[in-house]
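If you check TrEMBL, you get these features:
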SIGNAL    1-30  signal peptide
DOMAIN    32-330  domain 'Plant heme peroxidase family profile'
DISULFID  42-120  disulfide bond
SITE      69  site 'Transition state stabilizer'
ACT_SITE  73  active site, proton acceptor
BINDING   74, 77, 79, 81, 83, 94  Ca(2+) 1 binding site
DISULFID  75-80  disulfide bond
DISULFID  126-326  disulfide bond
BINDING   168  substrate binding site
BINDING   198  heme b binding site
BINDING   199, 249, 257  Ca(2+) 2 binding site
DISULFID  205-237  disulfide bond
């Protein structure tokens, strides 16, 4: 009996000791990411990334939105592992998938990575560079900052077919969008919030031609698109146009703000996927709540959803590697 009491006492002592030990470590999420992961191993990393992004956007003010988009396109395929940056000799990589052909800014990522490598060789992953660059691009576009969780490793695989099948399309309806986001652990609010990224940047005519000229195969336009806005778009996008780029948030496409939601509420969302937000009660409710700039929570919500998206399928610990150059495995 005495031995049993002794064993029970020892058990509880060990439990308390473990709790005390765990509480002495900084908080991390279940996947091993944390804000300030490089504070000791490369303390200047985030400052270097921030300056590099600032310099790049001074040189090309339009590059901010593509840099933000790149992180989204990386995370939705194989998780946030930098696979969108890899290049294969046979061109069967994610970069060459149709949804990624309009991505740009890869040279900016190369420059950021080179600057970080010069300071701390082999420490900061390309996938973390993407996450930090996305945040700093938003800040340069007058958006709010957020604490970026870091600690990801880079993947060694890139596959063109996975990009084709995993990336949401601008042509998707609300059911498809909700399903795809849910498969990545993101909810309806995340869908509405991250769609708000379309407040900056440009979209291309080929992705909206069906909305303008042949929506149901009868030479008609999308009934969910405001008629005046449709007429304006038709003047700029002719039926055979394959190259023209237009502002997705006219008049405010260089500023990260809530004006996107006002446009969507007016049936002036650029893509079908933008208009689709009005076809679900939860996403529609979010859109309508953001229309008043004094009460909008969008800028704050965006950081929260970006952190959540940044946890998709990450490689940590001994999984993956820290690439020396982002376009190739070590």
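Here the Cβ of each residue, glycine as well, is placed from N, Cα and C on the backbone.
The Ca(2+) 1 site, placed at the center of the C-beta atoms of 74, 77, 79, 81, 83, 94, has further neighbours from the same chain whose C-beta lies within 8 angstroms: 73, 75, 76, 78, 80, 82, 84, 155, 158, 162, 313.
Taking the C-alpha positions, the distance from residue 80 (disulfide bond) to residue 74 (Ca(2+) 1 binding site) comes to 6 Å.
Rounded to a whole value, the Cα-Cα separation of residue 205 (disulfide bond) and residue 81 (Ca(2+) 1 binding site) is 30 Å.
Measuring Cα to Cα from residue 83 (Ca(2+) 1 binding site), the recorded positions that fall within 10 Å are 75, 126, 326, out of 42, 69, 75, 126, 249, 326.
Neighbour counts of Cβ atoms within 10 Å were compared across the disulfide-bonded residues 42, 120, 326; the minimum falls on 120.
Its Cβ taken as reference, residue 79 (Ca(2+) 1 binding site) is surrounded by 20 other Cβ atoms within 10 Å in the chains shown. The average per-residue pLDDT of the prediction over the domain 'Plant heme peroxidase family profile' (32-330) is 96, rounded to a whole number. Cα of residue 120 (disulfide bond) to Cα of residue 126 (disulfide bond): a span of 13 Å.
Considering only the recorded positions 42, 168, 198, 326, the residue whose Cα is spatially closest to the Cα of residue 77 (Ca(2+) 1 binding site) is 168.
Looking only at Cα atoms, residue 42 (disulfide bond) sits nearest to 74 among the binding-site residues 74, 198, 199, 249.
Comparing CA positions across the binding-site residues 81, 168, 249, the one lying closest to residue 69 (site 'Transition state stabilizer') turns out to be 168. If you take the C-beta of residue 75 (disulfide bond) and look for same-chain residues 6 or more apart in sequence within under 8 angstroms, you find 184, 309, 310, 312, 313. The Cβ of residue 81 (Ca(2+) 1 binding site) lies under 8 Å from the Cβ of 74, 127, 152, 153, 154, 155, 313, 314, 315, 320, each of these being in the same chain and 6 or more residues away along the sequence. In sequence order, 76, 176, 177, 180, 181, 273 make up the list of same-chain residues 6 or more apart from the residue listed as 'substrate binding site' whose Cβ falls under 8 Å from its Cβ. The Cβ neighbour count for residue 69 (site 'Transition state stabilizer'), using a 10 Å radius and every protein chain shown, is 21.
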